[in-house]
Amino acid sequence: MAILRLVNSDSNCSGRVEIFHSGQWGTVCDDSWGLNDAQVVCQQLGCGRAVSATQSAHFGEGSGPIWLDNVQCLGNESSIIDCVHQGLGSHNCGHHEDAGVICEGKCNPLSSAVRLVNSDSNCSGTVEIFHSGQWGTVCDDRWDFSDAQVVCQQLGCGRAVSAKLSAHFGEGSGPIWLDDVQCLGNESSITDCVHQGLGSHNCGHHEDAGVICEGIYNPLSSAVRLVNSDSNCSGRVEIFHSGQWGTVCDDSWGLSDAQVVCQQLGCGRAVSATQSAHFGEGSGPIWLDNVQCLGNESSITDCVHQGLGSHNCGHHEDAGVICEVRLVNSDSNCSGRVEIFHSGQWGTVCDDRWGLNDAQVVCQQLGCGRAVSATQSAHFGEGSGPIWLDNVQCLGNESSITDCVHQGLGSHNCGHHEDAGVICEVRLVNSDSNCSGRVEIFHSGQWGTVCDDRWGLSDAQVVCQQLDCGRAVSATQSAHFGEGSGPIWLDDVQCLGNESSITDCVHQGLGSHNCGHHEDAGVICEGKCVILFSKVIFAQRWKK
């Protein structure tokens with residue numbers, strides 16, 4: 001299937017047609033472009049029948065490659081690239097001939113159409129519902145996190161980060177379709193939740209509801225998560241596909257497969273590929289079976305497998321992974337007691353010779369940026385079980401803590417009162433996502449915040465990259481994720497966007513500021529888990 005989107009329109013179901021191929025989005029030339037061709041696009045996107053096949057860059061001129069020319073569809077093909085055409089990249093056109101479509105706009109055959117507007121992200125904005133031929137808003141009476149969760153899941157945007165009130169993204173227009181929405185959080189559509197009835201409300205547009213979700217669409221990788229464990233880096237493997245999380249069958253499941261998952265999630269090396277529902281049985285679809293990875297793929301769905309949804313398994317065969325390193329006993333993913341998984345057990349690291357180079361390897365291995373402290377003497381509490389490493393001596397550029405010089409796994413002369421830990425430079429707090437929250441810096445033995453003066457997307461980009469959280473979606477201001485406490489370490493930050501650390505950017509000097517905590521800066525990153533739909537990707541009001 002081709003990856004497809006419609007852009008440069010305020011509707012999910014109309015716009016310039018673009019195809020993703022060879023790592024780039026490109027357009028379709030309008031030579032021979034007609035209603036049958038448009039019909040295939042509309043059907044592929046779940047947008048009902050084609051109303052118009054637009055030509056002559058009706059929705060504006062695109063940029064980059066022109067992937068298709070002289071497309072000739074019968075109208076019943078399942079994908080636009082299944083139609084007759086000159087060959088991908090072969091054309092005699094310019095972007096003034098870019099083709100588009102207008103579909104009747106059913107948008108989603110499984111549930112009511114939902115879109116997010118008035119934001120520069122696909123996965124945040126004012127919530128709008130399509131009903132009776134019109135887009136309309138949702139009133140914020142009783143609007144809360146469970147309601148936002150349903151919208152985010154419905155749009156394939158991961159978990160909800162925030163439920164916005166009072167027209168946070170601007171006032172809409174037209175009808176207000178929903179009021180007093182009360183979701184449990186597991187509904188498949190926002191209109192499945194309890195509400196007053198479509199069109200019944202006592203609101204104005206100053207009460208329009210919005211959401212911020214943790215993820216945005218990315219056609220390069222599939223969404224993966226690990227669940228049913230007390231660690232971000234171990235658990236049952238689940239894949240997001242066709243709007244649902246589902247599991248992976250353990251047939252042929254091995255360490256090379258687990259390695260791809262651990263690397264994809266920024267969790268270092270795999271040490272165990274668990275089988276037989278080691279982390280409990282999942283529910284819903286089983287998306288992958290007979291996975292056979294080489295170990296260097298960028299996504300688990302890039303590995304050889306039977307096909308998404310094709311399997312002969314039950315959930316008692318759900319696969320899982322355990323990745324090598326974790327940080328525990330802290331309120332941050334990027335600080336805590338260091339624990340290593342070996343011989344079926346988590347164990348600690350002794351603090352003999354433990355220093356900043358050693359901590360640096362752990363922070364880098366876990367995608368947490370630079371190390372700022374190598375803690376000793378069970379700073380994050382005493383662990384239990386084996387002590388796996390002692391006298392660790394890293395150069396700082398190793399890919400794994402176990403690659404450093406040490407006495408040998410399990411060889412030590414320590415007690416748990418000597419358990420080692422790390423504090424990495426940057427953390428995001430006050431959010432239920434690892435990749436969004438208030439930005440905090442560790443300096444002089446204290447966590448402190450960043451002032452939002454001059455805070456913008458380039459600054460947020462550095463933080464997101466430093467934490468291995470992909471691209472920045474939003475640079476939040478005015479204590480969006482709550483007011484911090486303690487020192488304000490940075491002010492007037494001015495990053496180019498390519499710095500390796502937020503403290504490498506231009507700023508007033510550590511601790512120099514004229515701010516209060518009501519100005520604490522935050523970020524929303526696209527996240528480590530990004531989404532591939534095997535059939536199609538479309539964007540809610542995709543900005544070009």
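We count from 1, first residue shown onward.
Cβ atoms here come from the backbone N, Cα and C positions, even for glycine.
Now, the feature entries from TrEMBL:
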DISULFID  Cys42-Cys103  disulfide bond
DISULFID  Cys73-Cys83  disulfide bond
DISULFID  Cys139-Cys203  disulfide bond
DISULFID  Cys152-Cys213  disulfide bond
DISULFID  Cys183-Cys193  disulfide bond
DISULFID  Cys249-Cys313  disulfide bond
DISULFID  Cys262-Cys323  disulfide bond
DISULFID  Cys293-Cys303  disulfide bond
DISULFID  Cys363-Cys424  disulfide bond
DISULFID  Cys394-Cys404  disulfide bond
DISULFID  Cys451-Cys515  disulfide bond
DISULFID  Cys464-Cys525  disulfide bond
DOMAIN    4-104  domain 'SRCR'
DOMAIN    114-214  domain 'SRCR'
DOMAIN    224-324  domain 'SRCR'
DOMAIN    325-425  domain 'SRCR'
DOMAIN    426-526  domain 'SRCR'
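When the Cα of Cys303 (disulfide bond) is compared against those of the disulfide-bonded residues Cys103, Cys193, Cys451, Cys464, the shortest separation belongs to Cys464. In the shown protein chains, 17 other C-beta atoms lie within 10 A of the C-beta of Cys515 (disulfide bond). Note on the domain 'SRCR' (325-425): its mean pLDDT in the predicted model is 90.
Counting only the Cα atoms, the space from Cys183 (disulfide bond) to Cys152 (disulfide bond) is about 13 angstrom. The most crowded of the disulfide-bonded residues listed here (Cys73, Cys193, Cys249, Cys424, Cys464) is Cys424, judged by how many other CB atoms sit within 10 Å of its own CB. Rounded to a whole number, the C-alpha distance linking Cys313 (disulfide bond) with Cys293 (disulfide bond) is 19 angstrom. Distance from the CA of Cys193 (disulfide bond) to the CA of Cys139 (disulfide bond) is 14 Å. There are 22 other Cβ atoms within 10 Å of the Cβ belonging to Cys293 (disulfide bond). The CA atom of Cys42 (disulfide bond) is located 13 Å away from the CA atom of Cys73 (disulfide bond). Counting every protein chain shown, the number of other Cβ atoms lying within 10 Å of the Cβ of Cys313 (disulfide bond) is 17.
Of the candidate disulfide-bonded residues, Cys203, Cys323, Cys394, Cys451, Cys525, the one lying closest to Cys73 (disulfide bond) when CA atoms are compared is Cys525. According to DSSP, the domain 'SRCR' (4-104) comprises 16 helix, 33 strand, 52 coil. For the disulfide-bonded residues shown (Cys42, Cys262, Cys404), fewest C-beta neighbours within 10 angstroms: Cys404.
If you compare Cα positions, Cys152 (disulfide bond) sits closest to Cys249 out of the disulfide-bonded residues Cys83, Cys249, Cys404.
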